[in-house]
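Let me begin by presenting the structure, written as structure tokens, before commenting on it.
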Amino acid sequence: MSANDAPRAKQPSVTYDSAFLKACRREPVPHTPVWFMRQAGRSLPEYRKVREGIPMLESCMRPELVTEITLQPVRRHDVDAAIYFSDIVVPLKAIGVDLDIKPGVGPVVERPIRTRADLAQLRDLTPEDVSYVTEAIGLLTRELGATPLIGFAGAPFTLASYLVEGGPSRTYENAKAMMYGDPELWADLLDRLADITTAFLKVQIEAGASAVQLFDSWAGALAPVDYRRSVLPASAKVFEAVAGYGVPRIHFGVGTGELLSLMGEAGADVVGVDWRVPMDEAVRRVGPGKALQGNLDPTVLFAPTEAVEAKTREVLDSAADLEGHIFNLGHGVMPSTDPDALTRLVEYVHTHTAR
Ligand SMILES: Cc1c2[nH]c(c1CCC(=O)O)Cc1[nH]c(c(CCC(=O)O)c1C)Cc1[nH]c(c(CCC(=O)O)c1C)Cc1[nH]c(c(C)c1CCC(=O)O)C2
């Protein structure tokens, strides 16, 4: 099936005119829309309460719990979009990869993928493998009404980094050794992950997600030449495969200042920017025709309110000439962030950009 034959998403028309989707489409907005990566999670006491005694991956498979956790930051902060509560390794778990999310560590893979034979761990993902996602998104879109829901998945490189290393890494030495030493195996691994990621995004869009974000969180570890040759083709395959749905596609990574133009080239409608590159410079690197998302340093929220406001002003000023700007942090909310600081930040952006 080519991208253009893709079934149309069950796009709830009530979300179409939201500030978030307008900004993604680079249309005029009533105010700059705001949401936060990792807005659902450990910064919220109500999250810690409902998660008590339930392991992370198990919580991702309970539709009522997923719905409640996804809605918590929307109720509390008045953000312009919800992000589906899950994790990038959920689709891998769903096809039977032996992995767990260890508190304070992150995803840990029992049998890391190092040889061609290890690829057998990765079969195709079917909607039945993640029926709880379809169910949760059905519940969520009803509750959310006019507030758009963002679906997401891990990009092939970031997923591969966990699968090859066996867990979080600072250097990605095993993944890079495969990329340089056995380019064919590497390309086959990323291609298989692209198909799994595509299937997972399609489930979310067909269930009612209004936009999707591809997290290539660790792509910043790569030089542009290696990103273009060994990573971009797999991410581009994902973006192309969901293009026909017409929902905005966001592409995000950390430390990707030198990759911004390539990340746009991969096929995104919106490029996420971390805090290291100001938005006016980011737009020059990405080029015309794409909206940008970002980019307040998440650690700024630990400073007094006046400092948060001054740094927020800087972001808004550097984004003032953008055609489409979605305000976000440059990476996820840190667990020890004061949730009230997030609520104040949303209100500040809304009032200072009201048109
Ligand atoms: C790299 C990555 C992962 N997971 C994710 C990424 C890409 C985003 C990024 O760059 O931060 C994506 C993710 N993970 C989670 C979300 C929820 C939705 C949201 O953004 O609000 C999203 C979008 C929940 C989660 N994912 C995880 C938690 C914490 C687990 C818990 O609450 O018990 C949550 C709320 C676990 C996880 N999962 C992962 C890590 C590094 C960790 C943290 C480990 C730790 O410090 O404990 C892998």
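Each residue's number is its place along the chain shown, starting with 1.
Using N, Cα and C of the backbone, Cβ positions are placed for all residues, glycine too.
Fair warning: this is a prediction, and the values are worked out from it, not measured in the lab.
Annotated domain 'Uroporphyrinogen decarboxylase (URO-D)' per TrEMBL: 33-42 (among others), in sequence order. For the domain 'Uroporphyrinogen decarboxylase (URO-D)' (33-42), the predicted model reports an average pLDDT of 97.
What TrEMBL records for ARG38, GLN39, ALA40, GLY41, ARG42, ASP87, TYR162, SER217, HIS331 is substrate binding site. The Cβ neighbour count for TYR162 (substrate binding site), using a 10 Å radius over every protein chain in view, is 25.
Same-chain residues at least 6 positions away in sequence with a Cβ under 8 Å from that of ASP87 (site 'Transition state stabilizer') are, in sequence order, MET56, LEU57, CYS60, ILE101, PRO107. Taken from TrEMBL, the feature site 'Transition state stabilizer' covers ASP87.
Helix, strand and coil content of the domain 'Uroporphyrinogen decarboxylase (URO-D)' (150-166), in residues and according to DSSP, is 10 helix, 5 strand, 2 coil. Summarising the annotation, TrEMBL assigns domain 'Uroporphyrinogen decarboxylase (URO-D)' to 150-166 (among others).
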Candidates near ligand 1 among the recorded positions ARG38, ALA40, ASP87, TYR162, judged by a Cβ under 6 angstroms: ARG38, ALA40, ASP87
Local Cβ density at ARG42 (substrate binding site) - other Cβ atoms counted within 10 Å: 15
Tertiary contacts of the domain 'Uroporphyrinogen decarboxylase (URO-D)' (33-42), as residues 6+ beyond its ends and Cβ separation under 8 Å: 18-20, 22-23, 48, 69-70, 72-73, 77, 79-83, 85, 150, 252, 326-329, 331-333, 335, 342, 345-346, 349-350
All-chain count of other Cβ atoms within 10 Å of HIS331 (substrate binding site): 23
Residues that sit under 8 angstroms from ALA40 (substrate binding site) by C-beta distance, when 6+ apart in the chain: TYR47, ILE69, THR70, GLN72, PRO73, ALA82, ILE83, PHE85
Count of other CB atoms lying within 10 Å of the CB belonging to ARG38 (substrate binding site): 17
